[in-house]
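To start, the structure itself, in structure tokens.
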Ligand SMILES: Nc1ncnc2c1ncn2[C@@H]1O[C@H](COP(=O)(O)OP(=O)(O)OP(=O)(O)O)[C@@H](O)[C@H]1O
Ligand SMILES: [Mg+2]
């Protein structure tokens with residue numbers, strides 16, 4: 001049943017091309033009719049010849065010519081219809097394969113991080129490619145070959161009953177045997193094939209995971225064990241695939257046997273009927289023709305159906321991804337915010353990841369436009385999570401977050417994210433040119449604007465020293481640049497975006513002190529005039545913040561300016577003290593700013 005529903009959906013994807021599909025269906029019905037006409041004509045010719053002794057020469061020729069003329073017409077229209085069907089079906093299948101890939105890609109790009117966090121990206125690629133290929137081959141095979149088979153079985157078979165019901169019943173029996181065997185084997189193999197597909201996806205995901213971390217694999221000399229892990233999954237695929245293959249081999253043996261038996265039965269039954277005068281030689285020849293034709297088509301159809309079974313899980317996975325919905329839906333009538341002034345309020349915000357423990361409780365703060373707030377606290381305290389709520393990667397489970405007085409759930413995601421810029425610890429770059437990476441910040445920026453932003457971000461100098469300047473390719477995730485260079489590009493990108501609200505999540509923690517000092521200058525330029533949230537472990541970087549929020553276990557336990565907090569002698573003062581003692585021996589020549 002699920003199987004049928006799945007393929008109903010596969011065909012429904014062609015809704016936009018429904019007129020082409022309808023044309024193809026009509027042409028297929030005509031083809032099926034023509035196919036059945038040929039054995040009929042053949043039988044008639046045989047009958048004309050076998051009655052030749054009782055008619056005059058001219059009568060025989062007259063009848064034979066009429067039949068042959070009809071036969072040629074049938075043959076020619078058959079060729080025409082086949083060509084039309086092939087051409088149309090090819091084009092329709094190709095077009096829709098690309099369209100479905102495109103819509104899948106568009107959909108997946110927009111899915112929330114919660115979705116992407118749970119699934120390997122290699123798997124998503126595999127599901128797209130395999131799914132689209134499967135859809136393509138089904139559409140093509142269905143409209144080019146098998147629709148006519150189904151039409152023949154459903155509509156034309158009863159017609160043979162009208163010609164000679166005894167022989168017709170035999171053919172009908174053949175179809176029933178094929179259908180029963182196939183249905184039985186589908187049932188036997190469906191689950192196993194689903195497992196096979198699951199392991200195939202795991203294969204793709206595992207390979208992509210290892211390939212994208214190839215440096216770790218090599219430096220920890222994990223090549224052999226990664227390859228072994230891959231081999232294990234390959235074995236699982238085979239273990240589940242082979243029983244399925246066995247079942248389908250049984251099907252082909254059984255259907256072959258059924259075909260041979262049918263041909264023999266028609267011959268025997270035909271002879272008996274002929275001896276009783278209940279069937280002409282021509283009728284028997286026609287039925288033999290039908291039987292051959294039907295067997296040929298049915299075998300093709302069984303192969304097609306077995307392929308459907310093999311492909312069903314891949315297609316089901318494809319649809320599963322297409323059905324994944326965003327966890328942060330846009331409310332109907334959400335307002336599109338223009339440029340916000342940048343007032344951010346967290347109002348009694350509580351949050352837990354789906355199915356997880358409480359991460360944030362009662363988080364309450366207010367950031368006026370242009371002010372700088374710092375979020376500090378131990379690792380895992382919930383700082384990044386709070387900022388994820390501000391970008392609406394997730395919705396709070398209690399309380400609300402507002403921007404310029406609007407609950408984030410009331411504004412469009414596009415306008416929210418246009419107003420909020422983020423610089424992460426790991427500056428994520430595309431494997432494109434430096435210029436293209438910068439243009440992500442503002443697609444319509446001119447070269448002058450790019451250079452100005454890069455000068456402010458202290459990036460211009462190193463960019464022009466690159467072999468092709470702004471047109472240098474940065475490698476996968478910016479691999480050909482140093483950490484500090486990547487970070488300054490990320491800052492330039494944020495400068496170009498020019499958002500009123502800015503989040504710096506450990507933006508400088510990957511850098512050495514000298515680079516950090518340069519990047520700090522760049523950051524100061526970036527922060528000017530924006531509401532800024534700084535998350536930092538190095539407390540020296542938060543000295544100038546207007547307010548510091550100290551997080552602990554998902555709550556704000558202290559707040560105030562740097563000096564007030566140090567004087568208070570609470571958690572923050574303790575953190576500052578531990579950092580000073582921990583870093584003192586290492587930075588003897590270069591005192592930490594916090595200690596000044
Ligand atoms: N996507 C996620 N799914 C489930 N739990 C998560 C997810 N991201 C973070 N957490 C959990 O939420 C808690 C808070 O994490 P968060 O990243 O907000 O901490 P943080 O204060 O930013 O820490 P750090 O200073 O190390 O960056 C952690 O216990 C973490 O395990
Ligand atoms: Mg964090």
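Here the Cβ of each residue, glycine as well, is placed from N, Cα and C on the backbone.
All TrEMBL annotations are machine predictions without curation.
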Transmembrane segment per TrEMBL - which of 165-186, 187-208: 165-186
Range annotated as transmembrane segment in TrEMBL, from 100-128, 216-244, 245-273: 245-273
Long-range environment of the transmembrane segment (135-159) - Cβ separation under 8 angstroms, sequence gap at least 6: 7, 10-11, 13-14, 21, 24-25, 28-29, 31-33, 35-36, 85-86, 88-90, 92-94, 96-97, 100, 168, 171-172, 175, 294, 297-298, 300-301, 304, 307-308, 311, 315, 318
Same-chain residue ranges lying at least 6 outside the transmembrane segment (65-89) that approach it to Cβ under 8 Å: 20, 23-24, 27-28, 30-31, 34-35, 37-38, 41, 44-45, 48, 139-140, 143-144
Stretch with greatest number of CB pairs under 8 Å, the transmembrane segment (245-273) reference, 20-45, 165-186, 279-298 candidates: 165-186
Contact set, same chain, for the transmembrane segment (20-45): CB under 8 Å, 6 or more residues outside the stretch: 11, 14, 64, 67-68, 70-71, 74-75, 77-78, 81-82, 84-85, 88-89, 92, 143, 147-149, 151-152, 155-156, 159-160, 163, 280, 282-290, 293
